[in-house]
Every structure is written in structure tokens, then in C-alpha cells.
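Engineer: One structure is given below, represented as C-alpha cells, and several questions about it will come after.
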Amino acid sequence: MAPGRALAAALALSVALLGPLSPGARAGDCKGQRQVLREAPGFVTDGAGNYSVNGNCEWLIEAPGPQHRILLDFLFLDTECTYDYLFVYDGDSPRGPLLASLSGSTRPPPIEASSGKMLLHLFSDANYNLLGFNASFRFSLCPGGCRSHGQCQPSGVCACELGWGGPDCGLQECSAYCGSHGTCASPLGPCRCEPGFLGRACDLHLWENQGAGWWHNVSAGDPAFSARVGAAGAFLSPPGLLAVFGGQDLNSALGDLVLYNFSANTWQRWDLNPAPAARHSHVAVAWAGSLVLMGGELADGSLTSDVWAFSPLGGGHWELLAPPVSSSSGPPGLAGHAAALVDDVWLYVSGGRTQHDLFSSGLFRFRLDRTGGAYWEQVIPAGGRPPAATGHSMVFHAPSRALLVHGGHRPSTARFSVRVNSTELFHVERRVWTTLKGRDGLQGPRERAFHTASVLGNYMVVYGGNVHTHYQEEKCYEDGIFFYHLGCHQWVSGAELAPPGTPEGRAAPPSGRYSHVAAVLGGSVLLVAGGYSGRPRGDLMAYKVPPFVFQAPAPDYHLDYCSMYTDHSVCSRDPECSWCQGACQAAPPPGTSSGACPAASCLGLGRLLGDCQACLAFSSPATPPRGPGALGWCVHNESCLPRPEQARCRGEQISGTVGWWGPAPVFVTSLEACVTQSFLPGLHLLTFQQPPNASQPDKNIFITRKGNPNPRGTHSPFPSPRPLTCFCLWICQLRICHIKGTI
């Protein structure tokens, strides 16, 4: 048994044994029971052992009066992630405000009900069952019970200890944490930062590599930024503000616009009219100093496709760039879709759910223009298959001219969907989709949805998401951060490449989240706001990426960050470095002689492309590690190779004898030639129904030396007339077709 499961089992057993001795303790099997708990302090639990399947149980905690608050603290939680939930309501029925919907094995933070009553409802499905939950509860007249930093007075007001303040004594005096690069605006803060610094303690330096790989607290508990999930936002530079709009609090959609001022370290709510309707599950990008948002689910449950732009200049104002689309050229109402800005002109929108379909594969683009030239276009692919997804991410990589779609929920059958960790590419000019083959070992993230992906340096940085591995791990909320090199198309481990003394990952947030807001500040800082981890979150975190992602510029000094790697094996894991003459150095520029220095460990895009069309469509003049480089398709090996490595394309010999396809391999170097030259040696078995149409076979089976089809599989499903079969043999580049007649 895993240590976490053993601890949870021990806690459940101890509570069951102490139940008869502790006032207010309650335990029992979860089989449709209902219990009312009035004695505090006490415990509430589903009972010893695992909870029952197909269970619906309720516990109502009642305080002496409505002026009392109920404080719930969890000792453990262990339910089947995503399927079994513990719902917590503020009140005595599910019609009250929903405070949390808890699932998985992540221990929730304390939960507080202010109505004097708290309802807990445990739901389980017919699949496997786990240990359940155990929590303690107590009553208090004061908010938060004064957070252990004060005494609750009979009037319901906290008398805070020295150094603490606020209604619940949860605010520490600014002087206790404000660093040397900030000044306290008031005794209780906030700490106002000097230029170039940010964070609650002004300890994050934007212009140096110090603190790289660390998470930093920026804000938490600010009433101006209420806890929310499914919001959208972006960092606006200038004027240097994080703008967030909308979301939901588990009970209703939000329609507020809040901006974070990093110098003053405060959230500010802007009430403007006109403004977008309240919504959640929408998208937003930064464009020309403005926040552009599109789509989402409105308060009444309908979906919209309108486009709004917020400008903070002149006191701030909203502008409707496009109303909901009614024509076929634009998207339907969408929620859970993904968006990316291309060339500062086009807003691309991919997938999502519509009013009639849970998974859309549509791709649309909107021309951003404030002079009246804005319009929608449906992007019709010229090749490949667009992904049908919701809860996915999308970024644009300019050197590759490609959109990258990662993860999300995808339909697996007519009734079910699955999370995926696959990545699709779409070339915005050639309009070709392709799905990349596999992933690199264990470096990449596992299947997830409702995560975020952001471009920092030459990396796609993936954070958070809804994850779950049946029977293995009940972790619903991902807290890991992952780095995907956009030029070399490989996952890179931040833990392995973090410089010495930088505890990458150890200062991560206490729990993961999904459906959060992610934005990029200064090219080196990932901002994360809000999200969901059993309950909506209202915090703002900042993660400074390691030097291998972004190096802070130093005046009159060029930093070769590769020199920080002192071990050959670590150096070889960075796609932009190479080990040369006993030291790690930046890889030689493409096209230059590497001499004694081996090439960088940049694996390249070609190995992930599985057909000629994809190989040539994503061939690019941008060379690794900045882009894919020039690619060619080796027909005989069915592989996409860098053109300088054309010599690797050769036909196989059997016992030293060249096969019937000839000694000269075919290496395709243009997209158009894929139609005329990309024919793998072998037999094409073409079947025609009567009357035969030579240009349109009814069935095509390709036969190579690796295997043969079942002969009966070539027969027509119709009893008559009997079909004609044509064997087409590709020898070198000559097509020879023999009509064999009826079979």
C-alpha cells in the first residue's frame, strides 16, 4: 500500500476507534444514510474502510445559530477522481451555495460556511470505491476562527495578535515579509515593488537569473479578485497589467474585469459600460495593448461567439469588435475552445463545444481591426485531419509557421471521451494538419485537459490540467510544469536541467489546478491566476522559468548558459547545447563546421512526421534549434529526414541483392511531388465494382513484403456482379497495371 493510502487508512481507523469517546464524532457506512451533527468540536466521516459503490449519503452540520460559522478541516480525502465527489454546501440543502466539489486524493484547504449550516453530500458511482474522507469541524462567531492569530470576541470580531490584522487575523504586517526591494504602503501592506521586481515580498527579479525555477506568491485573498474558475486573461504590456475577465464561482457566471498592478501589488476592479456579458469557459489574448476575448458560456447556459476588446487607455473602455456570428463563415457559440494570436493580425480559434456537439473540430480565424475591417473566416484544411477537442491548448510558433494543439478531451466512442497527451500541428499557410507520432519517453506530460500552454523563449510551457490514472493515482489536479522545445520538438526535463542551487519544483504551489488563467510577463515569468482544485481559487502565482528557457540579458556580456552544465549527460539533455573539449557549450550555428564539437542533441521534427504530405508541409527555412529546417521524404524507408541527411535514405538489400524496386531510393523534396513520387515499393490491390471506373477504385489494399492481406478480404460484400481486381505494381517510378479479370 502506498504511504499516502496507509496514512489515510490509519487515520480512518483511529477515528472509528475514538468515535464513542469523542463528543460530536460520527462514523458509519455510506449507504443512503443521513445524519445531523450538532455537537462541536466533532468529526464527520463516511466510516471505517471504503465507502460503498452507488452511494448517496448526507451529513448536515448545524451550529447553535445562523450567526455562527462552521469551519471544516480535512484530515484526508480519498475518492475516485472525476467520478466520486463530496459536495459541500453553505446551508441545509443542495439549493444553497456550493462551496466545494471535492474529488481525488488531494487534501482540501479548510472550508467555511457562514449560514450556520453546512451540508455534505457524498456521491459514488458503480466503479471502484476508496477510503472516503474524514474531517473535523468546529463553530465560531468570527470569520475563519481568527486563523489561530487572534481571539474571537462574543461580538463576532477578532482581537488579533501583534503583527496580524484583517477581519480574520489572516493579514500579516507588511514589515514582516516585504523585502529590500519594496516599501510598505501601510502597516498591513501591500509591499510596493521597485522597478524590475515583483511578488508579494518583491523578491522576484525580472532582470537577473536569480530565483529561476522558483514559484513566487504574488497575491492571495484579495477581495477585489474573488475566487474563480474558467476565467480568461492576458498580460498587457504596456501598461504592465494582468487583465482577467469573467469565470464562475461554482454557482454563477462572473462578469467583472479585474486588473493586477504589479508595482502597487493590488487587484483593481474596473466597472465599465458597455461591457461583455458575464461568462466562463471563454478565451482571451493580448493584442496591441488590449485584451481581446471571444466566446464562452453565458449565465443562462447559452454559448456565444462575440468578440470584445478592452483598452486600458483613457480610463479604460470596451469595444465590441464582432457580435455573435450568424453566417457560415464564422464560428458557432463556443466554450472550452482554444485560441492563439498569429502575426499580431489573426485570432485563430480551435475546437471547443457547441450548443449541439460536445467536441468541435472547426478552425476559424478573426482578423483583428478597429477600423471596421474585422471579419471571420472558416479555415478549411488542405490536408490532414483536424482534431475534435475541448479543454485543449493552442500556441503559435512563428519560425515554424505552425499552430500546436496539445491535450484536451477527445471523443473515443459515440458515448465516451478520453484525455490525451497528443500534439497536433497546423501549418497556417499551407493549411495542413498532422498528428505527431508518440512522445519522448517519460519526459512529457501525461494525458490532461483544461491545462494551459504558453510560449516562453523557444519553449511551449504546459502547466496544470485535469489528470487521472484509473487504479493508479487519484490525483485530479496537476501541479507539474513541462517544457516542450518548439524548434526541436522534444520534451525537456526542468528538474534535470535546473542549475545547481535552484530547487526547481520544490517551491511549487501546494496543490495543482485546472481551468486557470496563464499569462507571460517579460518573456521569463509565467503568471497563474485562479483555477479549480476542488474549489475555485483566488490566488496569483508567478513562476520564473529556468535559464535554459530564458536568459536575462546582461549589459555588455553574452551569457553562454550551457557552461553552467558540468556533467556530460546533463549537457546532452539540453537540445541547444553540446559537449565539446571537456565542457558544455552552445551548439554551433546551423550550416557552420562543428569541428571537434558534436551536433546538439536536437532531435528535430522530422522523426515525428508520418507521411510525405506532413513532412514537406512543415519543411521550413528556419533551421534547428529555432525551426524544423528543410525536410525531405524518403519513400523507401517511410521516414522524414533533414535534407542534409539524405544519405540515410537508401533501399534495403536482401543478402546483398538489390530488390526489384531498384538501387536508387526516392527522396521527395517538394509538397507537390508527394502526389507523383511518394509510392512505396509494393503491390496495390485495387477492387472495382461493376461497372468498373478505372479512376475510382472501390477498395485499395497495399501489399508489401512485411505482410499480405487476407485474400477473402478483397471480395465484394455484394453477391453479384463479381468484381474486377487490378494489381498495380510500382517499380521505381513506373506504374504497371495488369487487369487480371474476374476472381
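Quick reminder: no glycine exception, Cβ is built from N, Cα and C everywhere.
Annotation comment: TrEMBL describes Cys30-Cys57, Cys174-Cys184, Cys193-Cys202 as disulfide bond. If you look up TrEMBL, you'll see 30-140 marked as domain 'CUB'. According to TrEMBL, the domain 'EGF-like' annotation covers 170-203. The signal peptide annotation in TrEMBL covers 1-27.
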Engineer: Under DSSP, is Cys202 (disulfide bond) helix, strand or coil?
Structural biologist: coil
Engineer: Can you grab the distance from Cys193 (disulfide bond) over to Cys184 (disulfide bond)? Cα atoms, rounded to a whole Å.
Structural biologist: 9
Engineer: What mean pLDDT score does the domain 'CUB' (30-140) have in the model?
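Structural biologist: Looking only at the domain 'CUB' (30-140), pLDDT averages out to 95.
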Engineer: Validating a neighbour-count step here. Other CB atoms within 10 A of the CB of Cys174 (disulfide bond): how many?
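Structural biologist: I get 22 for this one.
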Engineer: Distance check, please: Cα of Cys174 (disulfide bond) against Cα of Cys202 (disulfide bond), rounded to an integer number of angstrom.
Structural biologist: 11
Engineer: Looking at Cβ-Cβ distances, which residues of the chain lie under 8 angstroms from Cys202 (disulfide bond) while being 6 or more apart from it?
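Structural biologist: Correct list: Cys178, Gly179, His181, Gly182, Cys191, Arg192, Cys193, Glu194, Asn265.
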Engineer: Reduced to three states, what secondary structure does DSSP give Cys184 (disulfide bond)?
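Structural biologist: Strand, per DSSP.
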Engineer: Which has the fewest other Cβ atoms within 10 Å: Cys57, Cys184, Cys193, the disulfide-bonded residues listed?
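Structural biologist: Taking Cys57, Cys184, Cys193 as the disulfide-bonded residues, the minimal 10 Å Cβ count falls on Cys184.
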